[in-house]
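First the structure, in the form of structure tokens, and then the observations on it.
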């Protein structure tokens, strides 16, 4: 078993200790040492992030269509990168690429293909269908945001449904408003449900026989090679773990008791005060979300049938838990992050790997390590040098006007209730 996330660390440690030049015959013509290559990429990543991070922040979400038509609702919904669907996914900021699904160079190509299918079919096409048919009152809401709205189109004010003791007041709730979700946020919940059933069914039909065999043979199984190798080393004494537990507990208590955050202990539950029954139960606005449990259970079965009939086709790479589970980040992530992650990942782990396999083998994971290292160092310095002391960044079109769009301002909605009017069901 290989964990791709560890390959970057392994390549970096190797490069730091082996500074010999690469053999051009084995690295697609490149002779630069791994160590020197890593330094070049890290310095380049560090220097570049100052441009989208400080000098021209519009490069982070390069939604040029919304800059041309900042008040066109449909264009901002389809091409916006903040509350839109980013149908032209352009970003020059690696934090957007790797912010949620981590570095795309570390994931294998089939993971990118599954994520692309999930994003296109189950998120973008579904969100467009919900929004432009007016389902779930979506014409009054932005198409992609994790914010909750009331029946006036404003942000939901939880304080209006709470008692002075911060408990749920049903009468206030009936007098105020039900909660409304943006189409992508509704799909986020639905696909999260689907990914759970998909994971169980996928494991059962693809790996059930092996699991059952391993379970029955566990008592008589010979130690594998890894266990034999590890038996050569002495066991860590128990008191090491006790000390680690006590130190961690001490730091935790010191943080909680020594620093008063002024926040009530009930805060983590306030956002769930209304409860899932009123949000997703029978008769609720979003009761149809329960069908996603069935979708998650059926999709692995469909893929299993396709693989049995076409074992050598690309269908063998379909993976329902990956396809559905990745969408659980979206929102708060945006389609821009996912699309750019797929584009960068397939560029390196599909196109470059096939075209220049020697380069990919020598430098791909070092590229990932260099990009991440430079980005982290640059981000820390920018935070302490600019963000923390509240230094004013350059005030010009690329840092100001690019944010004057309905996409960024949460106003890319096709219908706005008149003053005093509401939308939604009459009873909730």
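Each residue, glycine too, has its Cβ placed from N, Cα and C.
TrEMBL assigns the feature transmembrane segment to one of the listed ranges (212-233, 322-343), namely 322-343. Looking at the stretches 180-206, 261-287, the one that TrEMBL records under the feature transmembrane segment is 180-206. According to TrEMBL, the feature transmembrane segment maps to residues 291-310, out of the candidate ranges 151-170, 291-310. Tertiary proximity for the transmembrane segment (322-343) is limited to same-chain residues at least six positions away from its ends with a CB under 8 Å from its CB atoms, namely 61, 63, 81-82, 84-86, 89-91, 96-101, 104, 111-112, 114-119, 122-124, 144-146, 182, 184-185, 187-188, 191-192, 194-195, 198-199, 296, 299.
In summary, the transmembrane segment (291-310) lies against the transmembrane segment (180-206): three or more C-beta pairs, each 6 or more positions apart in sequence, are under 8 Å.
For the transmembrane segment (37-59), same-chain residues at least 6 beyond its ends with a Cβ under 8 Å from one of its own Cβ atoms are 12, 15-16, 30, 67, 91-95, 363, 366-367, 369-375, 377-379, 382, 386, 393-394, 398-399, 402.
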